[in-house]
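Here's what Swiss-Prot has on this protein:
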type     : residues : note
TRANSMEM : 26-46    : transmembrane segment
TRANSMEM : 69-89    : transmembrane segment
TRANSMEM : 117-137  : transmembrane segment
TRANSMEM : 155-175  : transmembrane segment
TRANSMEM : 186-206  : transmembrane segment
TRANSMEM : 224-244  : transmembrane segment
TRANSMEM : 265-285  : transmembrane segment
TRANSMEM : 297-317  : transmembrane segment
TRANSMEM : 355-375  : transmembrane segment
TRANSMEM : 384-404  : transmembrane segment
TRANSMEM : 415-435  : transmembrane segment
TRANSMEM : 437-457  : transmembrane segment
Amino acid sequence: MQALEGVNTSPAAAAAAHAPAPRRGIAGLAVAAVGVVYGDIGTSPLYTLKEVFNGPHAVPVTPQNVYGILSLVFWALVLVVSAKYVLFITRADNRGEGGIMALTSLVLRAVPPGRKAWVLSALGVFGAALFYGDGMITPAISVLSAVEGLEVATPAFRPYVLPIALAVLCGLFVIQRHGTGSVGRIFGPVMLVWFVLLAVLGIAGITLHPEIIGALDPRWALRFFADMPLVGWLSLGAVVLAITGGEALYADMGHFGRRPIKFAWFLVVFPSLYLNYLGQGALILDHPDNVRNPFYLLVPDALVYPMVAMATLATIIASQAVISGAYSLTRQAMQLGYAPRMRTIFTSEREMGQIYVPSINWMLLGAVVALVVGFRSSSALASAYGIAVTLTMMIDTLLAFVVVRALWGWGRLQAGLFLGVFLAVDVAFFSATTVKILAGGWFPLLVGALIFTLLTTWKRGRELLNRRLRTDTIPLDTFIRSMFNSPSPRVDGTAVFLTTWLEGVPRALLHNLVHNKVLHHRVVLLTVETADVPHVPDSERVAVEELDYGFYRVRVNYGFKDDPDLPAALVRCADFGLKFAMMETSFFLGRETLVSRVGSGMPRWREKLFIVMFRNAGSAADYFHIPPNRVVELGTQVEL
């Protein structure tokens, strides 16, 4: 990952990036953010308190403990979500984009190349890899917890909970190829209704014991820890479920902007969530047996079935946001050189960001089905949930510390307080979730480790391959001079040769010359470069350099969220005097076959893994939207 150039990352720049918008615009974006950004954390009331008082480390049900847990939930939401993410980390944007990769890019601006930069970059990539494990668990636990409400209505539904949940999840993944553009616009209003229902149910519960509002006092949390230190620490492993999904608001910042996300949190999401937790707490105080499922027992009997339907819809929306996030993250990884090309389908002609990656979709579906069948209940799945999120939150805190210290110019004391407070909270939650590793927490860690290995192996393998190709490449200026001494026959048309290095002669060009004995009238050496910014403006899309003997060098620039459409980019070359007639243009692509060798620069197992990944990578023609009838592939064998 390269350091960003020309990006102002000061707080003032961040504020300018999110300048005041019309009130109606902010309101509309805030409603949309409620549907996409807060779906995950918005479904947490379905299972959080149930797990606190019923999980493997269940907290004894006493009034003092109920107050203590509710106080912990409140201050976790305040410190982690409100303070750390909404007020601080969202200010560290990459030209309006958020997410752990954007944060890593900002960090690398402030750190010179070396071991420290490598460690920070690896942390960022590992944090991104952990998202996939979380993306597998979120749909499973969310939908299961919603459908389990049927058991509250009548125990006769118990045998059908698992099949219904599996049917809902399979249906969700099967329809992904059709896109969500037509129904996506209702996500915000539906989730807004969901949060209103959470608040109304919570207020109804609070009327049973209005004094429950006193749980906002942090002394209840402190007293809870003082009276039962071990139980208090272990309870954090379940309390953390209340903040899972909080990290998503930073990742989705590019879609909505900082202000709408902040408004949605403080005006709708936070109040609704905590009112519902207070209502559940009051219900437990009224009847301790209600801990078996306090969310659904808060619902009037006549409304349980409609609420199950509404909760299922809310969890589907929450799952959709995670699934779409996995597609987006995969595409960014491809653009930044961390993942091989994969088939990507754009599901909307109007929204460039709406994509579908079949291989990721079916991988997620297989994992989600395995999780549901293997764990069989949301309570069992809760053991696997949280550890990846808390680890990601720790990584965010460490990277944000570098940003506030090196880029924002905070003093040691101010930055130290930032790191000390938030890291202490993150470590407390993470340490409590580590006791769940054997009970299921191993799953997201294993997935994260595997994805991290794949991402870093591809990145390292491509670096070694490009280095090898450059070593064996003839310098371009030498080759062009030789054309004057021994000119080759020319044919009409334009030949475009894709290359990773514009100073050398592509192997495909040499093979074409050796086998066909001709050169085209115009020879274009084209390289695609991806910057560590989300988007590159059209005015900076291409750079053209005319050389001797009909040769041209063309550099095409993209951001990591741009669609790499080469034919569209080449149209802009006309501004530089280089016009392309697509039916008179041939694209020559090299199809390398890799052969392993001793001393390649990677361990033997990793080298073999890279070769397998390289062999199964998607077609460059498909990835760059090159018309198939204009493509010529020339094979070559390369020792890695």
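Note that the numbers count up from 1, one per residue, in the order the chain is shown.
Glycine is no exception: its Cβ is also placed from the backbone N, Cα and C atoms.
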If we call contact 3 or more Cβ pairs under 8 Å (sequence gap 6 or more), are the transmembrane segment (155-175) and the transmembrane segment (265-285) touching?
no
Cβ pairs under 8 Å between the transmembrane segment (297-317) and the transmembrane segment (415-435), at least three:
no
Outside the transmembrane segment (224-244), six or more residues from its ends: residues with CB under 8 Å to it:
40-41, 44, 47-48, 51-52, 55, 57, 59-60, 64-65, 67-69, 71-73, 76-77, 80-81, 134, 138, 273, 277, 382, 385-386, 389-390, 428-429, 431-433, 435-436
Select the range from 69-89, 265-285, 355-375, 384-404 that forms the most Cβ-Cβ pairs under 8 Å with the transmembrane segment (117-137).
384-404
State the non-local partners of the transmembrane segment (355-375) in its own chain: residues 6+ outside its ends, Cβ under 8 Å from one of its Cβ atoms.
132, 135-137, 139-140, 144, 162, 165-166, 169-170, 173, 176-177, 179, 323, 326-328, 330-331, 342-347, 381, 383-384, 440, 443, 447
Surrounding residues of the transmembrane segment (265-285) on its own chain - C-beta under 8 Å, 6+ positions past either end:
30, 34, 38, 41-42, 44-45, 48-49, 53, 61, 63, 66-67, 69-70, 73-74, 77, 81-82, 86, 192, 195-196, 198-199, 201-209, 212-213, 215, 242, 249, 291, 294-295, 297-298
Most CB pairs under 8 Å with the transmembrane segment (415-435): which of 26-46, 69-89, 186-206, 384-404?
384-404
